[in-house]
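Peer 1: Pasting the relevant annotations from Swiss-Prot:
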TRANSMEM  39-59  transmembrane segment
TRANSMEM  66-86  transmembrane segment
TRANSMEM  120-140  transmembrane segment
TRANSMEM  163-183  transmembrane segment
TRANSMEM  196-216  transmembrane segment
Amino acid sequence: MDWKTSEMLFPFPVYMAPLTSKFAAYKKKIANWLTVYRIFIALPTIIFIALDNQLGVLANFSVGAISISLQISLLIGGFLFLTAVISDYLDGYLARKWLAVSNFGKLWDPIADKVIINGVLIALAINGYFHFSLLIVFIVRDLVLDGMRIYAYEKKVVIAANWLGKWKTIMQMVGIVFSCFVWSFKQSEIASLNSGLFFWLLTQLPYYLAAVFSIWSFIVYNIQIYQQLKAYNSKL
């Protein structure tokens, strides 16, 4: 059977070809739109969380004998941040699965992550939801490390992200999500059910673990940058 006969008997792949090519063109756009989504919701997410104490908007209801009061502003901010986390995962997963990594994604994906994560962390720390000293560790680490990466890049030295930095980000995300959803019950009788060690583990431990990974990854990155810059200078 020649290819013409095969095409006449089984025309399905031929008819599907235009659809396949169109879908291939949209692959990069889908991942990029997920990045754009995070950029656009960063500001409203930060505002809802930052104005939690000022707005004080509550939703009151009862479940049996338990009276529940929800901080709506914090809850909305937490929900928006959770959608950002999901979009970040889908963005990376689809880009790898479809081999659809774009220059736009390389530039704006890490920027979107840093803006929304650091912005929300600042808002939470100012409102007293975790210790301000941990925020200083996170911000100083990112600023110094980004400056060193830029300097190394000018010397044609590229330092790839490692698992320590990824776990730092994961712990920050976990801490933010738990803070928003758990602290939204702070004026409720149900908050007493979550008090003590369990309450601390949910709302504080992730930040301390993130601080450990921040310092650890900072040291590792410094060693890698120093070694590669030393190798680069030795070739001059």
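Cβ coordinates are placed from backbone N, Cα and C, and glycine is handled just like the others.
How buried are the listed features, and what sits near them?
Peer 2: Remote same-chain residues near the transmembrane segment (120-140) are listed as 45-46, 49-50, 52-53, 77, 81, 172, 175-176, 179, 183, 203-204, 207-208, 210-211, 214-215 (criterion: CB distance under 8 Å, separation of at least six residues from the stretch ends).
Sequence-remote contacts of a segment are chain residues at least 6 beyond its ends whose Cβ falls under 8 Å from one of its Cβ atoms, and for the transmembrane segment (163-183) they are 49, 71, 74-75, 77-79, 81-82, 85, 113, 117, 120-121, 124, 129-130, 138, 194, 199, 202-204, 206-207, 209-210, 213-214, 216-217, 220-221.
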